[in-house]
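For reference, the structure discussed in these notes is given below.
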Amino acid sequence: MKVVLMGPPGAGKGTQARKISEKYGIPQLSTGDMLRAAVAAGSEVGLRAKAAMESGSLVTDEIVLGIIQDRTDEADCDQGYLLDGFPRTLAQAEGLDAMLAKRNQSIDVVIDIKVEDEPLVARITGRSSCEKCGEGYHDSFKPSAQPNVCDKCSGTLKRRADDNADTVRNRLEVYHKQTAPLIGYYDAKGLLKEVDGMQEMGKVLEDLCAILG
């Protein structure tokens, strides 16, 4: 089972990907984690990625696809895997399909977690976390007992600098521009499924599992 999980920033992709990974026994593959692991391991493609990052260049699609190819060759991917946040562009989707086609493989399903922009802005801008223990909080959904103080360890709660409304709206605009062609691409292949990400997290997971079987 080879799954692509899509959704805008703050839609809860990472959380749902972890739960799916645990339930189905397939690894969650995020490009950031794979990139860091490849650089740390000093693999050929990892060294190319490191050189690009150190020179201030973008890590190319070719390098990212090389990292995904190496990672999906590992034994824990034999029964499948879940790609979290990749591909992000049509070129990446086409590159991924071409890479898999060389192995006589293909993506089985693409799930898009749909969330409306303004509720998502409220969801993201309300987030904070403890500087000391990392516990997460939210102004509306999980407020701390005392403002800006962690319930667990009494550490100070901080917000990410990029979790302000203007930055979030810009990130969402970029996401929609990049991924709109992807929706059509995967829909035309009959691979696209959609889940309402505005629901309670347990219900979102239930709907995801209903698709995955």
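Just so it is clear, glycine is given a Cβ too, placed from its N, Cα and C backbone atoms.
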Range among 30-59, 90-119 that Swiss-Prot annotates as region 'NMP':
30-59
Candidates Thr15, Thr31, Ser57, Gln199: member of the binding-site residues with the richest Cβ shell (10 Å):
Thr31
Taking Cα atoms as reference points, which of the binding-site residues Lys13, Thr15, Cys153, Gln199 is nearest to Thr31 (AMP binding site)?
Lys13
How many neighbouring Cβ atoms, not counting its own, are there within 10 Å of the Cβ of Cys153 (Zn(2+) binding site)?
12
